[in-house]
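S.K.: Dropping the structure in here first, questions after.
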Amino acid sequence: MKISLIAVGTRMPAWVQDGYQEYAKRLPKELTPELVELPLAVRSKSTNTQNAIASEGDNMLKHIGSNTRTIALDVLGKSFSTEVLSQKLADWQMDGRNVNILIGGPDGLDSRCLAQADEKWSLSALTLPHPLVRVLLIEQLYRAWTILQNHPYHK
């Protein structure tokens, strides 16, 4: 099973890349995540935000394969505990399909991406800096895996 984090935004600060890589390398080979970075659409005072979101959505939809489980991160999504995430991870492994996790740009995900998602998750009711979401998400996936392995990291 492959987990793809499909994220809008490139050229992240070094701390984001370092944090992401630290947790990604800790995951076992069968769960090694793939980070797909998509360019952020140009935004200015004269551009329409909805057009930028739609452009990012077009790009994101091209990376969603058939017969995959797709999860969209959205402020209106469902929130849950790390323990519940660990059970979801176990279920994904049993299911065998690849998993896509969609991380939108600063203005969120295109409605077509949300419509294609099997699940919508909210990481927090707080507004999080866009780059931090990648690090937070990969850490939580690692933590969920450690729970399944009875590894002391979670304790």
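Yeah, the Cβs are placed from backbone N, Cα and C, and that goes for glycine too.
Residues or ranges marked as S-adenosyl-L-methionine binding site by Swiss-Prot on the basis of sequence analysis: LEU73, GLY104, LEU123, SER124, ALA125, LEU126, THR127, LEU128.
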S.K.: For the S-adenosyl-L-methionine site as recorded (LEU73, GLY104, LEU123, SER124, ALA125, LEU126, THR127, LEU128), determine the largest distance between any two Cα atoms, in Å, rounded to the nearest integer.
M.R.: 16
S.K.: Are there any residues at least 6 positions away along the chain from LEU123 (S-adenosyl-L-methionine binding site) with a Cβ closer than 8 Å to its Cβ? List them or say none.
M.R.: LEU73, SER79, VAL133, LEU136, LEU137, GLN140
S.K.: Among the binding-site residues SER124, THR127, which residue has the largest number of other Cβ atoms within 10 Å of its own Cβ?
M.R.: SER124
S.K.: For LEU73 (S-adenosyl-L-methionine binding site), what is the secondary structure state per DSSP, taken as helix, strand or coil?
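M.R.: Going by the DSSP assignment, LEU73 (S-adenosyl-L-methionine binding site) falls within a strand, counted as strand.
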S.K.: Just name the most isolated of the binding-site residues LEU73, LEU126, LEU128, going by other Cβ atoms within 10 Å of its Cβ.
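M.R.: Relative to the other binding-site residues in LEU73, LEU126, LEU128, LEU126 has the fewest Cβ atoms within 10 Å.
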S.K.: Tally every other Cβ atom lying within 10 Å of the Cβ atom of ALA125 (S-adenosyl-L-methionine binding site).
M.R.: 7
S.K.: Can you count the other CB atoms that lie within 10 A of the CB of GLY104 (S-adenosyl-L-methionine binding site)?
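M.R.: Total other Cβ atoms inside 10 Å, all chains included: 25.
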